[in-house]
Every structure is written in C-alpha cells, then in structure tokens.
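Q: What follows is a single structure, and I will ask about it in a moment.
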Amino acid sequence: MKIPGMKKELTLVDLTFASVGGIIGSGWILASQTATQIAGPAAIISWIIGGIAILLLGLVYTELGAMIPEAGAAVRYPQYSHGSFVSFIMAWAGWLTWVTVAPAEAEAVIQLANAYIPGLYNSSTSLLTPVGLLLSALLILVFFLINYYGVKWFARANTALTWFKFIVPLGTALIFLFGAHHFSNYTSQGFASNGFSNVFLAIGTSGIVFSFLGFRQAIELAGEAKNASRDVPRAVVLSILIGIVVYAGLQAAFVAGVPTADLAKGWGNVSFDNPWVRLAITMNLGWLAMLLKIDGWLSPSGTGLVYTASTGRGLFAMAENRYMWAWLAKLNKSGVPANAMLVNMIVGIITLFPSQGWSHIIGFISVTGVFSYLIGPISAATFRKTAPDLPRPVYLKSMPIVAPIAFIMSGLIVYWSGWNTDKYALFAIIIGLLIYAGFFKVSGFTTKDLVQGTWLVVYIAALLIISYFGDKNFGGTGALSFPMDIVVIAIVSLVCYYWGVASGFETKDLKELKVKLQDESTVA
C-alpha cells in the first residue's frame, strides 16, 4: 500500500540487508561468550532453538508483510485484526524494544572500544564513564542524522556496513573452526555443563533472541520498498536463515577456540572484555584481531542505524493509529518521519544514564521484543476469517500449524528470560494501559476494542504469575519446576492463542483497508 510522501526506493538486497543488519550487531561479538557462560557448549542448541522460534514467527510475518506492506506495518496488523487496544499494547511493547536498541548498541561500541581507548568504561561497576556516555550519545545522534536525510542515505550506509558485518563474522567462524583445535572443550566438563534447563535460559538472557529480533526491519520498511509483496517475505526468511548459519557457526567456533587453561574454573568464569579479539590474539592472528576491533565499531553501529530507521516508522504508525500525537506522523522533505525519530533519539539518549551496560539491557529488550511479535500469528489467523478475499501474494498453507506453535514459542521465550527480567519488562508493558486510557476518549476508541483485547490482559497476567512461581533456575520460587513449567506455559499459550483468534473481528480500519485496496486494484 502506498503511503503518501514516502519514497519507494528499497530493493530486495536493501530489505534483506536491513534485516541482516538488525540481526548481526553486538550480539555476534558478545552473545557467544554470554551464552556459553550460561549453557556451556550446549549453547549451540540454544542458538538453533532460538533461531527456529524466530523463523516460525518470520514465516507468519511473510504472509502479513506481503498482504499489507505498510510503513510501521507490524503496528498496523493488530489494528486491523483486533482494534485499538491490542494494537496499542503491541505497539507500546514494540516501541519499548526499538527505542532501547540503539542505546544498547551505542553502549556496546563504547564498551568494546575501552579495550584500546581506556577511560570509556569502568569494568568494576559495569558503567560507562562520563566520557563514554557522551560518546554514546553522539553516536545515537549520528544514527539519527543519517536516517534524517532520507531512506536512500540509510540504504547506502546500511548496505555497505552489512556486507562488512556479514563477511567478518562468517570468516571469523570459519577461521576458528579450522584453526582452533580445542574440540575436547565440548565434552571436558560435560556438553550441557550447567544443566539442560540452562539451554533455554540462555535463549532469552544471553543475547540470542536479542540478536534475531532484527528480522522485522524489512517489514517496518515495507512502505518504502519497490516491490514489497515480492521482496519483503523473501528478505525476512533470507535474513533469519543467514542469522542462524552465522550465529551457530560462531558459537561452535567460540567453544573450540577457548584455550583449555581458561576453563579451569568452568564455563561460567570464562570472561573476556572483547572475546573474539582475545581469542584471535591467543592464536597469534594479529591481523584478525585488528579487523575484529574495527568490526566492534561497525557491527553495533550498523544495528543502531537500522533500528533508528525502523523505530521512527513504528512511532509514525502509532500516530497514524491515533494513539500518539498527530505531529509524530509528519514527514520531512526526504519523506522521513523526522519528528518521531527526534523523539526516539532524545529518549534513547536519556536511557543511557540508568543503564547498567549491554549485558543488563538485552534481557529486557528480548522480552518486550518477543512479546510485540506474538500478535503476528494471531492476526494472520484472524485475517483468514475476517478478510479471506484480501490478496495474499504469499499464502502460508501451514498457517494452522505454524501460527499456534510460533505463539507458544514466543510465550516460552518470555518465560525462559526469567522472573528477574519479566517483572520489569512485563510491568513496563502494563504501563501502556495507562497511556491507552489517556487517549481512549480523545481518539474515539470503542468499548468493543477493549473487550476484544481481554485475552491479552489475561495472557500478560498469566505469564507474570507462572514466571513468579516457575523453576528456580528461571528466577522463580520453584513451586512449578522444570519441565512441568514448560507444559503449563504451552497449554496457557495455546488457550490464549485460540481465544485471541476468536476475539478478532472486522474492524473499522480493516473495512477501510478493503475499500482502499479495491479502489487501487480498480484504478490499476
């Protein structure tokens, strides 16, 4: 669907690289070590499970992205399928995710830079120094300026960065797999050295889900694609598959690359400031260490650049949905939602100050991010009954199977992130209810929208309760132990999935969309 004022200039390569750019960021530099600390060598299973879970979500979004290619589309889907209440909560969860990614990536850049520019990061407190905070803020400003001057600037900068970001991690994985010979590391302390439940814990807390969340960038930019119906679905699937291959390879290489002497106190105590640089030095690969130092700047910067673009479109879509101020939906001369991006930049800079560093923020981002994605399967299934005749360039025949499984996996990832993360992330999402109440009357929302979203409120409450009483390994009280906790989450998620689909209806916005698409097809 054409959005007046937005320029359609993005190709399949641009869209794929936007998503790959979102996927391959600071996660590839730091997450392999963090995942291994939690799950041991079995962390490679964590990457595969996490990647498959996100791929299932991605498959659902391929149908949605091709059917309704709009800027900020992921915010619009629930507006069409369930009305303003569900849409707002999902948009709010998404915004909490997007607006904190650029600061997280900026912090990662500065934290990694501290290894060769001392004085930017205090490792004893896990906090950036005043100089480090200032440089992080300036980096966020650079992300904003590149995007401010138009989608072409963004595409050129991101495509160039992503080529580098893709080649370096893949090359690093191959070099370490063939050059490192510590394959006994896989079994010397047990493959799942910290217990198999930690394989699941690592998915939500080590940066695995955080790394894969970037797949949706192509969907957010659909309104600016030359051929959205064809290219957006391809870009989504390609980017996730690329991410799985790269990250699984990196995890395998990291386990084999750690010197045996560093395992004396177990995987949980393997801690390097800049993991891959350190391992390259131990292998006497000085040239690779230098290249990795450069990538330590470029990979997180590229991801921050991508999220700055998509976050602006997300806030733009929220304003289009009438639950943010109208001035946030205004475009500048370059066809960019500059006001929305400016607000995001300011909020992003503010979040730098209370942050405790990269490792403390990724869990929050993972929970809010996955939660914002879980509406996809429900919206897609709802459209099968409320808009069966809407053109679907991509039709997922296995939707009745894939959609509920994807929804269940999303709920499990939230639970696996642990009570210590869930209590902050889910309560932050609940704050959105108060904001929605403020816009309820002035925006003309209906009581039906609220009633049809009851299932979502129940699901949030259920996730909080189960997380609190869940297995001790996930931060709970232990009243519900592993693996029975997973069974309970799966059952509750399945019930809420079908309840959510049953609650979908032909909203006013969906009726208007049908008329608009009919008019466009008639003109064509």
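Yeah, the Cβs are placed from backbone N, Cα and C, and that goes for glycine too.
TrEMBL lists 12-31, 43-64, 85-104, 163-183, 195-215, 235-256, 336-355, 361-383, 395-418, 424-443, 450-470, 482-501 (among others) with the feature transmembrane segment.
Help me picture where these features are in the structure shown.
A: For the transmembrane segment (12-31), the list of distant contacts is 104-105, 108-109, 112, 155, 158-159, 161-163, 165-166, 169, 206-208, 210-218, 221, 225, 227, 230-232, 234-236, 238-240, 242-243, 246-247, 250, 274-276, 292, 295-296, 299-300, 302-307, 309-310, 358-359, 362: same-chain residues at least six beyond its ends, Cβ to Cβ under 8 Å.
Taking Cβ pairs closer than 8 Å, the transmembrane segment (43-64) reaches residues 32, 35-36, 73-74, 77, 199-200, 202-203, 206, 208-209, 212-213, 215-216, 219, 232-233, 236-237, 240-241, 243-244, 247-248, 251-252, 255, 373-374, 376-377, 379-380, 383, 392, 394-396, 399, 402-403, 405-406, 409-410, 412-413 in its own chain, all 6 or more past its ends.
Within its own chain, the transmembrane segment (235-256) is flanked in space by residues 12, 15-16, 18-20, 22-24, 27-28, 31-33, 35-36, 41, 43-44, 47-48, 51-52, 54-55, 58-59, 61-62, 65, 166, 169-170, 172-177, 180-183, 185-186, 208, 211-212, 214-216, 218-219, 275-276, 279, which lie at least six positions past its ends and keep a Cβ under 8 Å from the stretch.
Proximity of distant same-chain residues to the transmembrane segment (336-355), defined by a Cβ-Cβ separation under 8 Å and at least 6 residues beyond the stretch ends, is recorded for 71, 98-100, 102-104, 106-107, 128, 133, 136-137, 140-141, 143-144, 147-151, 308, 311-316, 319, 327-330, 361.
Within its own chain, the transmembrane segment (395-418) has Cβ neighbours under 8 Å at 50, 53, 56-57, 59-60, 62-63, 200-201, 203-205, 209, 363, 366-367, 370-371, 373-374, 376-378, 380-381, 384, 425-426, 459, 463, 466-467, 470, 474-476, 485-486, 489-490, 492-494, 496-498, counting only residues six or more beyond its boundaries.
Listed by sequence, the residues of this chain that lie at least six past the ends of the transmembrane segment (450-470) yet keep a Cβ under 8 A from its Cβ atoms are 82-83, 85-86, 89, 411, 414-415, 418-419, 422-423, 426-427, 429-430, 476-480, 485, 488-489, 492-493, 496, 499-500, 503-505.
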Q: Mind pulling out the one from 85-104, 163-183, 195-215, 482-501 with the most Cβ pairs under 8 angstroms to the transmembrane segment (361-383)?
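A: That would be 85-104.
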Q: At a threshold of under 8 Å on Cβ distances, which of 85-104, 163-183, 195-215 pairs most often with the transmembrane segment (482-501)?
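A: If we count Cβ pairs closer than 8 Å to the transmembrane segment (482-501), 195-215 scores highest.
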Q: Please report, as numbers and ranges, the same-chain residues at least 6 past the borders of the transmembrane segment (195-215) whose CB is under 8 Å from any CB of it.
A: 19-28, 30-31, 34-35, 37-40, 42-43, 45-47, 49-51, 53-54, 57-58, 61, 97, 101, 236, 239-240, 243, 247, 303, 306-307, 359, 362-363, 365-367, 369-370, 373, 412-414, 416-418, 421, 471, 473-474, 482-483, 486
